[in-house]
Amino acid sequence: MEELEQDLLLQPWAWLQLAENSLLAKVSITKHGYALLISDLQQVWHEQVDTSVVSQRAKELNKRLTAPPAALLCHLDEALRPLFKDSAHPSKATFSCDRGEEGLILRVQSELSGLPFSWHFHCIPASSSLVSQHLIHPLMGVSLALQSHVRELAALLRMKDLEIQAYQESGAVLSRSRLKTEPFEENSFLEQFMAEKLPEACAVGDGKPFAMSLQSLYVAVTKQQIQARQAHKDSGETQASSSTSPRGTDNQPEEPVSLSSTLSEPEYEPVAASGPMHRARLVKSKRKKPRGLFS
């Protein structure tokens, strides 16, 4: 199920309007099962099931219908796709949800092979680790990315001001006075933004502005974070493997190495490890007086 969890992390948040309920949700459906995450900006709910649960629940909700888990999951994907990813083509299925103390139930009513098909997603409160993975860490990354983006734009504006100044010093004159601008002052700009634009810019509302405007950046940030974690994991495994791997020369005494012999013999030719001739060569090499760099 690790593949399913990672795929869910890479999915953007979608804004859903179900009757009077405004929700943010993301879903991943594969041949192995599905994972669903839903939030009303007050709580976060989650469900992840495999094919065995899909088969059992389908039998309980649809007595007349028999289908393999792969077909059921494919149908659920087709029913949810317009709701989550293609709002221009409304889904033929109908959706509703109920919230209770124990969790949230998302109900789906559709048709499969000409027969009524019903499905219930039974979501329970998400763990703190899931909330951190899908909201806290990605949103912190998005904030840092946007801050870096603003700094890059500010640096570009300062370069533009220097370019305009160079044109003016060379005698260039602006033909349209209405296009004239003042040199960019970052601190003044930030102060004005905080005072005039911030209340409107940070209005979260029902989550729709976030889901509609920052999907691509959210996915890019989560992908980068997954790659960073994987690289860190691989590095740790490599270090652990190198520290525990046996060394064949640990129990052998170190012999002094002659720098001159090393320079004169750049290529190492392996020889047989047995036989009297080999032992004689070893004994002879030990009797040599090591030669230093200045000897």
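Yeah, the Cβs are placed from backbone N, Cα and C, and that goes for glycine too.
The coiled coil feature in Swiss-Prot is assigned to 128-170. Marked as compositional bias 'Basic residues' by Swiss-Prot: 278-295. As annotated by Swiss-Prot, phosphoserine applies to SER132, SER245. Swiss-Prot lists 1-135 with the feature region 'Globular head'. Marked as region 'C-terminal tail' by Swiss-Prot on the basis of similarity to another entry: 224-284. Annotation source Swiss-Prot lists region 'Disordered' at 228-295. Positions annotated as site 'Leu-lock' by Swiss-Prot, on the basis of similarity to another entry: LEU115.
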When a 10 Å sphere is centred on the Cβ of SER132 (phosphoserine), how many other Cβ atoms does it contain? 13
Within 10 Å of the Cβ of LEU115 (site 'Leu-lock'), how many other Cβ atoms can be counted across all chains shown? 11
Using Cβ atoms and a strict cutoff of less than 8 Å, what residues sit near the coiled coil (128-170) while being 6 or more residues removed from its termini? 8-9, 26, 37, 39, 44, 46, 183-184, 186, 189, 214, 217-218, 220-222, 224-225
Cα-Cα separation of SER132 (phosphoserine) and LEU115 (site 'Leu-lock'), in Å? 40
On average, residues of the region 'C-terminal tail' (224-284) score a pLDDT of 54
Under the DSSP assignment, what numbers of helix, strand and coil residues are found in the region 'Globular head' (1-135)? 43 helix, 55 strand, 37 coil
